[in-house]
Amino acid sequence: PPPYYENHGFQTENIYSARQPVGANPYPQYFSTNPPSVPTYVPRVATYQSSRPVARSSGRTCAPSVKKAIVIILSILLVICCAIAAFFIWYFVENRCLGSLIECGSSGVCILPSQWCDGVSHCPNGEDETRCVRLFGPDFILEVYSPVSKSWYPVCQDDWNDDYGKIACKDMGYSVDTYYYSRGVAPEVSFKSYMKLNTSAGNIDLYKKLYSSDSCASGNVVSLRCLECGLATKSLNTMNRIVGGSGATLGQWPWQVSLHVQGIHVCGGSIITRQWIVTAAHCVEGRFSDPYIWRVFAGILNQDEMFLRNGYRVQQIISHPDYDTDSKDNDIALMKLETPLTFTDTVRPVCLPNPGMMFQPNQQCWISGWGAEYQGGKTSNNLNYVMVPLIERSRCNSIYIYSGMILPTMICAGYLEGGIDSCQGDSGGPLVTNKNSVWWLVGDTSWGTGCASPNRPGVYGNMTMFTDWIYKNMQ
């Protein structure tokens, strides 16, 4: 089936893979993997040459010609047989599941399409039941995957209720305790097919109750909010250190957290649920991958005040398995807290981007953190923020900026003239934007060359590339 999230970032240009010999320079300087491509199998086919027959002075002259023709024909037939055999070997190696069967990616087990998303785990690791629902677009439209048609369909509101909504949220890794609402909304576009509830199916699994239909009596589809995210309680002064920024007030960036090691601010992070924090993978490299050395502080503006608090202990750290320490490809990590956060006006989650959301170049975004206010400076005592526009990837990859170092898992944001940027200590913190009165996590602060230098904008992890991975780990 398709990945849980299909859209991959706000750019639509070609993917750049070239890298500079010099690796990316991550912001944190306090301390101190794309999967390998699988080559296509190409069989080695021996080339046979018939040797020129030795001329004889006597005997029949036709015999050597006949033998030569036979050798050539046999050689051609042998090559064809080898090629056919190689094709079948490749086909059965690369396509273990014949016909309409679906392969469990991690184990190679083949199951029927009807067994995918049927409420029962058939794959050894249960992956056939982990990518069955998603939320689409800024209106949080609930969609269910159909393995038969290999497509996503919106759920018709007919006979839908909150009990079903809680089941869908739980399947995406959210806690039932944070459930917000589900309601019907008129779709902005017309759909040819829907997923509808068969209420006469009895007390069985939700996905067994759903069936594909060409009609929806109410005309409304389900909008599902698994938690109240992306809400800031304080207004924002968009004109108002991060470098070149201004001081924040409580409630402006309630998802922002400070990550400490031995009483020292090391990185920032973003609250996405009561128990999960998003940060950068380079913040938790090496010995800093030990969850027990970290403390998380939420709802506090000043570092001085954090010294008087205990903070939240970290139970688990999960770095992206394809994180590359040199290029900073896939620079994202998750922290799971031992004790869930209590949401208040000053402690709230930010929304993860849904598929179907396109972040455009020059779109206004905001960064926040306790990073240095100038290159080489000390960590700021106060939380600062500033607005930065997104920069088109092709432009950021131009030879006079980052010359091909910006990969699809990265986003550029900032000002090419310099003067405003994230800096040391801001790493892992949020890059957010506001759409439909909701704050969305666009990226996590990753790396840059210097701070606020001309033609060296900040580089952030592209969150639309990571949401599938995040949901899978939260489950």
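Counting starts with 1 at the first residue shown.
Using N, Cα and C of the backbone, Cβ positions are placed for all residues, glycine too.
Annotated in TrEMBL:
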{"type": "DISULFID", "residues": "Cys117-Cys132", "note": "disulfide bond"}
{"type": "DOMAIN", "residues": "142-227", "note": "domain 'SRCR'"}
{"type": "DOMAIN", "residues": "242-475", "note": "domain 'Peptidase S1'"}
{"type": "TRANSMEM", "residues": "69-93", "note": "transmembrane segment"}
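Broken down by DSSP into helix, strand and coil, the domain 'SRCR' (142-227) contains 20 helix, 29 strand, 37 coil. Averaged over the domain 'SRCR' (142-227), the predicted model reaches a pLDDT of 89. DSSP gives Cys132 (disulfide bond) a coil state; it is part of no helix or strand.
DSSP classifies Cys117 (disulfide bond) as coil under the three-state reduction.
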